[in-house]
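Right, one structure below, let's go through it.
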């Protein structure tokens, strides 16, 4: 019957991802840049995972969390970039309703996980520097596994809740998303339904799942700074601080770029500029993490050297 069609339109539809630019001559350049960044991200993070698994010296809580972070970073980038590359290559902007909800689910899952893992890593540094004699007792392998599992379960539940809320909203057919992926805020603001519940869940989720971990990281570093200040020798101070530099850089990069994106959204009417700003934390941060950790960290450097030497011997 004819009167049923509008109802179907609000349920079964496609979204159009407008991408970073609609200029046809820029598409090959964007494709090349993002393909390179994606390959560097995957290879860099895979090397970190391989190095931590293959080297027995790196079988410690710090590197266990780092290899988890590298795995999450690969998944995080794989949620958005491959779809964008396919859309540029096929000159199609379409993403199905189910595809959009799925992408949103995995995006939220991995960004929240990133946040939790960085907090767990801050706690690990806090125990190592503030309670060095009890480190092996406190950071027991079981505790490390439990911390990672709790991070996964919480992230999955939150992402599932958000995705279910969005899947219950109604949209017009061929809704245009001014972004290169189904970014939660953009999608929710395009609905024709009431967004009161999704807004409340989003605000509480942001406070709890972004503010909470950030407060935990700040507290850990406040305690670390107090402990380092009490160390008498300059060499001791430097040694203690150098174990935190990589982690601090990654935290600053993730939070700095995320805040930058939301400020650019609030500030700018041009949706393409906020999409371009999102590239910083969705693509650039996961790509830089392996470099930050391997360049600043002698253990990782040695493990990577051993890994490459072993490969040459095999060949």
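Every residue gets a Cβ built from N, Cα and C, even glycine.
Keep in mind the model is a prediction, meaning the values are calculated, not measured.
Under the heading domain 'G-protein coupled receptors family 1 profile', TrEMBL lists 44-293.
The annotation transmembrane segment is assigned in TrEMBL to 29-50 (among others).
Feature annotation from TrEMBL assigns transmembrane segment to 62-81 (among others).
TrEMBL lists 101-123 (among others) with the feature transmembrane segment. Listed as Cβ neighbours of the transmembrane segment (101-123) (distance under 8 Å, sequence separation of 6 or more from its ends, same chain) are residues 62, 65-66, 68-69, 72-73, 75-76, 79-80, 83, 95, 147-148, 150-152, 154-156, 158-160, 162-163, 166-167, 181-184, 187, 209-210, 213-214, 216-217, 220-221, 247, 250-251, 254.
The transmembrane segment annotation in TrEMBL covers 135-161 (among others). Within its own chain, the transmembrane segment (135-161) has Cβ neighbours under 8 Å at 61, 64-65, 68, 105-106, 108-110, 112-113, 116-117, 120, 123-124, 127-128, 201, 205, 209, counting only residues six or more beyond its boundaries.
Residues annotated as transmembrane segment in TrEMBL: 200-219 (among others). Long-range neighbours of the transmembrane segment (200-219) within the same chain, counting only residues 6 or more positions beyond its ends whose Cβ lies under 8 Å from a Cβ of the stretch, are 112, 115-116, 118-119, 122-123, 154, 158, 161-162, 165, 184-185, 188, 251, 255, 258.
If you look up TrEMBL, you'll see 240-263 (among others) marked as transmembrane segment.
The transmembrane segment annotation in TrEMBL covers 275-295 (among others).
Looking just at the domain 'G-protein coupled receptors family 1 profile' (44-293), the mean pLDDT is 85. Below 8 angstroms of C-beta separation, residues 62, 69, 114-115, 118, 121-122, 125, 128-129, 210, 214, 217, 221, 224, 227-228, 231, 274, 277-278, 280-281, 284-285, 288-289, 292-293, 296-297 of the same chain, each at least six residues beyond the ends of the transmembrane segment (240-263), sit close to that stretch.
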